[in-house]
Amino acid sequence: MPNASSWSASSPLLLLWEDSSGTRIFLSLLYAVLAISGTLSNVMVIYLVFSFKKLQTTSNAFIVNGCAADLSVCALWMPQEAVLGLLPPNSSSLRSAEYRLLRGGLLGLGLTVSLASHLLVAFNRYVLITKLPSVYQALYQRRHTGCMIGLSWALALLLVPLLPGLWTPGSAQQPPPRQTDGSSRYTALLLALAVLGQTALLLHCYLGIVRRVRGSAKRVSVLNFHLLHQLPFPAAPPPPRRAQRRLSSVSVLLLCCVFLLGTQPLVWVSLLGFFLRPPPPALQAASWLLLCSLSALNPLLYTWRSEEFRRAARSVLPRGEGAAAAPRPAAAADPAAA
């Protein structure tokens, strides 16, 4: 019977081999739902940004980069976990070390680039809101933006092979040797510290934005355009400044809360397992599931308050009688006309 030390993040469905069939089937369905919804939402955001000129901003370039990374998790890794959860525990597919390495590489690559993209978006918005326009234009030239995106993938490709203790553990039926188990613990510690540092930088950027918005009403219109992409129709009167500041602050704080909910459980579970004792496997599995589910929520997290994204989506996926009656070319030209 496997013990807690033989559990790891790259086990099928992030569970012990001995888990009941009902639990494995439930999580297989959960992974299937996350895979389908996450793939559709990430593909939709990428398509809208590439199809509509108004959405092709520097901030959206980093969002698209994160969506591409999230597709590695939602479209490639999650479907495999959903299928493997329905297989018997003694299946040859589950024992293959090469296959576990491939699945772990997809997961590690996608999560690393996705977390880096979160930080790139936050820093981009922080510079835009808190620094002079000349500083922003000098820093975010097209060449520099491309280098930042390329570095996020290069960093992920460099780190994934260096984390064998996390992605390729021993079989649950055959506990890993003491050296491999120690490597896994130190790798989990490094992962937790890296995510914790990234979270601290992200919170610094967004809380700095909130302080600047509250202290300067002159910056509110800039925040609505670049940070939240809320572009009202020209004929619509702007909301009161106090309402704008409150809406902007609530949106930023909500984004931070969702990000913390998805990342921090894994951080503290990993720290607990390193400094005290290994937490229950179910708690470890839940923390990893929250982090992976963030890949399906990221597109909505960055576009749900965007009127421009909603208008672009309505032109691509018409709804209602008015949208159905309108000719397709007119619907496609609607954002430009507005």
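Including glycine, each Cβ sits where the backbone N, Cα and C put it.
Pulled from TrEMBL:
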TRANSMEM  25-50  transmembrane segment
DOMAIN    41-302  domain 'G-protein coupled receptors family 1 profile'
TRANSMEM  62-80  transmembrane segment
TRANSMEM  100-123  transmembrane segment
TRANSMEM  144-167  transmembrane segment
TRANSMEM  187-209  transmembrane segment
TRANSMEM  250-276  transmembrane segment
TRANSMEM  282-304  transmembrane segment
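For the transmembrane segment (100-123), the residues of the chain that approach it from at least six positions outside its boundaries are 9-10, 59, 62-63, 65-66, 68-73, 76-77, 80-81, 148-149, 152-153, 155-157, 159-160, 163, 166-169, 195, 198, 201-202, 205-206, 259, 263, 291-292, 294-295, 298, 302, judged by C-beta separation under 8 angstroms. Confidence over the domain 'G-protein coupled receptors family 1 profile' (41-302), given as mean pLDDT on the 0 to 100 scale, stands at 78.
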